[in-house]
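Enquirer: The feature compositional bias 'Basic and acidic residues' is assigned by TrEMBL to 1-10. Marked as region 'Disordered' by TrEMBL: 1-26. Per TrEMBL, the feature repeat 'PPR' maps to 133-167, 234-268, 335-369, 436-470, 537-571, 638-672, 673-703. Among the features that TrEMBL reports, domain 'DYW' is placed at 849-940.
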Amino acid sequence: MKSQLRESTDVKSPSRLHEHKKGYSESLSQGHVYELAQNLSKHDATQNRENEHFAVISDNEDVTVISIDSYLFHLQRHRYANNLTLARLMYAQLCAVGLETHEAVGNHVIPMFIDCGSLPDALRVFNYLLFPNEVSWTSLIVGHVSCGNPKDALHIYEQMQQENVNPKSYTLVAALQACAALKDFPWSLKIHSEAIANGFLDDSFVCNSLINSYAECGDLLQAEYVFNMCSVRDIVSWTSLLAGYVELGNPQHALDCLKQMQSEGVSPCEFTYACSLKACSNLGAFRKGQELHAEATSKGFDQCSHVANALIDLYGKCGSPFDAFQVFNLMPSRDVVSWTAVIAGYAECGPWLEALKLYDQMQIEGVYPNNITLASLIKACGRSGSQSRGYEVHTQVVLKGFDGETIVGNSLVSMYTKCFAFLEANQVFKMLTVKDAVSWTALIAGYTDSGDGLEALNCFDNMQLQYIPADAFTYSCVLKACSIIQDLQKGYKIHLHIIENDYEKDGPVCNALVDMYMKCGSIPEAHNVFDELQFRTVETWTSMIMGYSDGRMWPEVFHLFEQMQSDGIFPSAVTISSVLRACGNTGALERGRVIHKEFVTADALMIPTIANSLMSMYTKCGSLEEARKVFDKLHIRDATAYSVMIKGYGVIGEGKKAIECFRDMLKNGVSPDSVTFTCLLAACCHASLVYEGHALFRSMREDHGIEATLEHYVCMVGLFAKSGHLYEAERFLETFCLPYQRTWAALLSACKNYGEEELGNRSFEQLMIGNPYIPAWYVLMADTFAGSGNWNAASRLEELRKHSEIFKEPASALIEIEGQIHKFTVRNSPSKEVSDMVRSMNSRLKKEGHLPNLDSVLKSADDDEKEIGLCEHAEKLALAFGLIHTSQGQTIRVTKSMRICHDCHETNKFVSQIEKREIILRDDCSIHHFKDGSCSCGDNF
């Protein structure tokens with residue numbers, strides 16, 4: 001018996017058996033023997049034992065008689081007590097009285113040692129047991145599985161079969177646990193066959209173990225087959241299948257499974273809720289997660305650690321770290337998993353400094369971090385750009401002995417790249433003992449995040465030369481690199497790699513493919529990938545929405561967002577920001593207000609991207625009051641928030657309020673950045689605050705250490721030129737050696753306004769040297785000629801543009817009516833009611849003394865034809881549509897793709913006076929607020 005097992009351990013012989021007994025007996029003094037004997041004898045007396053007895057001799061040679069049942073009772077008692085010391089003393093006594101090889105007693109000793117956590121003791125006893133039964137064999141299998149030796153467990157199971165010991169149902173359960181740990185599908189099939197042969201499929205424990213084993217092996221079809229064959233499907237069966245769906249990347253199936261389970265009257269347990277919440281987390285199904293949270297709370301499961309940890313993970317991944325913190329705060333006891341989950345949530349979504357604060361609190365409470373905790377903390381340092389704090393954490397990593405952990409090393413590489421410390425990142429990378437796919441990807445992701453797509457692709461090529469297989473995240477980063485440099489051909493090649501390596505159905509990879517194709521302008525390919533996806537996560541929807549947003553395809557943005565909501569996917573912070581951007585750029589104020597009301601909670605306002613996007617939307621729609629209300633509600637106002645408000649004041653011509661906002665920013669200790677000064681100088685430009693703008697330009701470098709960029713120079717040229725100081729603008733431009741098109745374009749635009757033909761011609765020549773194929777330059781110069789009365793030169797330039805086939809894009813205007821965006825394009829045939837309204841509007845304006853500005857029409861035609869041309873301007877059509885479809889006194893908001901012309905500007909002024917309406921029109925330069933016959937720009941545009 002047990003020949004193979006004994007070949008690998010001690011071979012039974014009288015001398016070895018004597019040594020074995022002696023080893024245990026020496027640990028037991030005669031006093032211990034007598035004490036144990038007395039306890040056993042007392043047990044026999046209470047139970048009136050009349051079965052087999054053994055004699056124990058005490059120190060004074062008194063004889064104590066003890067039954068076998070009493071030994072078995074105490075073996076079971078020590079087994080359940082999990083006290084290894086008492087278990088060894090008990091076995092020593094058995095050796096002392098010669099019961100160590102007794103069949104009944106010996107077969108109770110092995111499970112006792114296993115439950116006490118000593119597999120070596122169990123193996124030694126097993127080697128000298130004459131007749132081990134299925135309990136002993138099964139206990140050894142369980143012991144090996146518990147000690148992380150699933151292969152040895154299956155080896156024991158094989159030997160048991162060779163010894164012709166028939167397994168019980170619990171034996172198969174133990175063996176299936178080993179199969180699950182190994183993810184060994186053939187072994188699972190073999191034990192499945194044996195379960196059928198022995199008639200164990202009616203045993204729910206066996207069925208549940210088979211479902212779990214097949215799920216762990218990645219074969220959900222077999223798991224579903226066993227599940228459907230179960231005579232009784234209890235909560236364990238359902239949860240095992242549900243967990244399999246989650247682990248194998250089918251979260252929607254998991255939620256469908258939960259729904260079916262509940263419809264059959266099976267109530268979820270805490271483990272079911274934990275798995276279901278993980279499915280919601282993987283899907284980004286925030287609302288469904290909230291529903292499950294409410295269910296779990298009603299049943300008292302929200303306090304269970306695995307449910308609470310799953311909730312923290314869900315809220316963190318769905319972009320609501322504050323909800324995660326609320327769950328965390330209510331937990332009665334918090335382990336390292338809980339702390340790590342909430343830190344990871346803040347590290348992922350922000351505010352990142354909260355992650356650092358929580359780690360400090362975690363240390364105060366004496367909870368020792370693990371490698372995941374430190375990796376999340378390092379991520380927070382990287383995302384917050386806090387390189388100094390990153391150095392501190394790096395030091396702690398070394399002191400705590402985690403510097404050899406690959407996951408920590410990879411996080412350090414990522415952190416240093418996010419802080420643009422590529423020297424340190426490469427040093428850490430070179431010191432890694434194991435450079436796996438994650439290590440390479442950390443470096444690739446760093447280059448990608450820093451905008452260096454070319455270096456990221458070079459790094460990927462080096463990774464392939466090292467024969468390191470790319471994973472899903474690697475492909476996602478490389479596709480992003482292709483997006484950055486807009487290399488569609490390289491993207492096609494990566495897509496082929498993805499198909500060859502079976503990653504084409506991976507969610508994040510598909511998201512990256514959609515994003516790459518959208519950014520490279522290949523919308524049909526992006527849609528093909530999107531339409532083939534079986535499960536669309538919040539990231540997938542966001543990639544499409546962002547692609548349309550970047551392509552300024554606003555109706556598609558709104559359509560996809562509505563479709564996303566109907567599919568039950570809660571938008572992320574990035575999704576909301578993208579849709580708010582679309583609202584701002586289309587003037588869709590009502591739609592923006594709906595999004596604000598439905599999705600932007602007080603907690604969401606603490607996420608900078610949402611808060612800043614919301615303020616930007618309101619400012620672009622000309623509603624500074626609402627933008628200011630959002631701004632005032634912010635607990636933390638950073639440089640970006642102040643910049644949004646400064647820009648908002650600037651575009652409506654409130655330059656002095658913009659400067660006041662800047663002073664308030666400095667007073668509150670917020671340091672301005674380069675963008676802040678761009679917004680400030682632009683505000684000064686819109687309001688013609690020459691002195692203030694020039695002073696701020698000097699202060700930018702002298703007081704704040706910020707070097708001027710192209711944006712700042714463009715603003716300064718525009719400031720001088722718009723204020724009528726055209727030659728000062730030219731001198732400024734030449735002094736700072738600014739041969740940039742945008743600076744000359746700003747000067748040419750001002751020359752058009754002031755009819756300065758000579759300077760305009762010089763500016764036009766400089767622009768032609770840079771790029772002679774931009775139609776805007778010809779239009780500006782032609783308008784400049786027209787403004788100075790040189791109609792022949794204007795006409796010749798227009799003919800040259802058309803002959804050179806340099807065509808300008810037709811101007812368009814958008815207006816929102818009852819949540820719907822309506823687009824009007826110049827010279828497109830409007831509806832009869834709009835045409836009639838335009839004619840009626842012009843007739844009324846003439847009666848009031850407003851004559852059309854025909855000088856702004858360059859083409860050779862009579863006055864009537866020119867007037868008809870002016871009536872076809874997009875903003876007039878949108879205005880007429882607004883007058884038809886809005887109630888009296890309601891504000892009309894129009895968004896135009898190009899700068900408003902003088903005639904349309906005058907028209908809007910007169911309409912605002914005659915109709916007693918406020919009209920807010922945003923063109924590509926500023927916002928015009930028409931009220932009572934005047935405009936906020938002061939006619940300086």
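Heads up, the Cβ atoms here are built off N, Cα and C, so glycines get one too.
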Enquirer: What are the helix, strand and coil residue counts for the repeat 'PPR' (638-672) according to DSSP?
Expert: 26 helix, 0 strand, 9 coil
Enquirer: Other than its close neighbours in sequence, what residues sit by the repeat 'PPR' (335-369), given a CB gap under 8 Å and a spacing of at least six beyond its ends?
Expert: 305, 308-309, 312-313, 315-317, 319-321, 324-325, 328, 376-377, 379-381, 383-384, 386, 389, 400, 573, 606-608, 636
Enquirer: Can you break down the repeat 'PPR' (234-268) into helix, strand and coil residue counts using DSSP?
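Expert: Across the repeat 'PPR' (234-268), the residues distribute as 26 helix, 0 strand, 9 coil.
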Enquirer: Can you work out which residues elsewhere in the same chain, 6+ from the ends of the repeat 'PPR' (537-571), have a Cβ less than 8 Å from its Cβ atoms?
Expert: 282-288, 318, 507-508, 510-512, 514-515, 517-519, 521, 523, 526, 530, 578-579, 581-582, 585-586, 588, 591, 599, 814, 821, 823
Enquirer: Provide the three-state DSSP residue tally for the repeat 'PPR' (436-470): helix first, then strand, then coil.
Expert: 26 helix, 0 strand, 9 coil
Enquirer: Which residue counts does DSSP yield for the repeat 'PPR' (673-703) in the helix, strand and coil classes, in that order?
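Expert: DSSP classes over the repeat 'PPR' (673-703) add up to 27 helix, 0 strand, 4 coil.
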Enquirer: Summarise the repeat 'PPR' (133-167) by DSSP state, stating how many residues are helix, strand and coil.
Expert: 26 helix, 0 strand, 9 coil
Enquirer: Average pLDDT across the repeat 'PPR' (436-470)?
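Expert: Value for the repeat 'PPR' (436-470), mean pLDDT as a whole number: 88.
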Enquirer: Which numbers of helix, strand and coil residues does DSSP report for the repeat 'PPR' (537-571)?
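Expert: Residue counts in helix, strand and coil order: 26 helix, 0 strand, 9 coil.
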Enquirer: If you run through the repeat 'PPR' (335-369) with DSSP, how many residues end up as helix, strand and coil?
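Expert: Result for the repeat 'PPR' (335-369), in helix, strand, coil order: 27 helix, 0 strand, 8 coil.
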